[in-house]
Amino acid sequence: MTTPLVVLATVAALVVAALGGLSTALRRRTGLAHLAAAGVLELVLLVQLVVVLVQLAGGVRPPETATFLAYLLSVVLVPVAGVLWSRTEPTRWAGTVLAVAALVVAVMVWRLLQLWEATGA
Amino acid sequence: MPDRLGAPAAGGDDAGTTARGPGRVLVAVYGTFALAAGARAAVQLATQFDEAPVAYLLSAFSAAVYLVATVGLARGGRSGRRTAVVACVVELVGVLVVGTLSLADRAAFPDATVWSVYGQGYGFVPLALPVLGLLWLRHLAELDREAAKGGPPPAGSAPPADPAPTG
């Protein structure tokens, strides 16, 4: 678990959220730009998942392991859920739904880092 | 090229339903909170129930309320909306009472709940959410009443202008 990866994920999430807000403002549904940005976000999250799993395998244990693992696994699913949901929404609010999902990711990665750093190592 | 930002949206983005349009955003946020509060309560109850039973049972209760609100908003319709109104009111009362108690009697809340200090741990979203929910539900009820008065709603056209304040 490293801060640069969390920052990267946050930036990607904010880009997705901005694109979502933009398409709502322009009265559009979501398009290729949203898919690409959400894909980048998902990629960063997957890299983070692998990095953390390697560290966990190396014997590092955050104190609230159950909570940490729940966050770790569910944060990967949030962008997927957001994209699927926004694709089925025919109104301009599709982008806002995706933006909400992205903001949730941005909050969750920082909470993850907090849980990880409580390791006290 | 403009499709990169998405095709033009379907009309009626102010459609009077919680199943489409801006109501969906509300459903998304409520769903997130139902999940977050539920997962948190499950972990707390399973691993450390003895430490702060009141706080953890409250977490479980708030998760249930969020779940009911999510389902009510997602289903829409008359009964779904009534369910959502009740859930939103319970939620508002809950966040106000628990928020106040958590400030007044810290000993009773050694560990935080979703509603502690008016939802501070969650960016005060738990405080704003029921208010937004109730406002949106009231807006829907008004649309309904107008539709009942003036025949079918103007589907796909511009949202109806606000009625002039009377009496």
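Keep in mind that glycine also has a Cβ here, set from the backbone N, Cα and C atoms.
In TrEMBL this protein carries:
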- B:151-167: compositional bias 'Pro residues' (COMPBIAS)
- B:147-167: region 'Disordered' (REGION)
- B:25-43: transmembrane segment (TRANSMEM)
- B:55-73: transmembrane segment (TRANSMEM)
- B:85-103: transmembrane segment (TRANSMEM)
- B:115-137: transmembrane segment (TRANSMEM)
For the transmembrane segment (B:25-43), sequence-distant contacts whose Cβ falls under 8 Å of one of its Cβ atoms, 6 or more beyond its ends: 18, 56, 59-60, 62-63, 66-67, 69-70, 73-74, 114, 122, 125-126, 129, 132-133, 136
Spatial neighbours of the transmembrane segment (B:55-73) far in sequence, C-beta under 8 Å, 6+ residues away: 18, 23, 26-27, 30-31, 33-34, 37-38, 40-42, 44-45, 48-49, 80-88, 90-91, 94, 98, 109-116, 126, 133
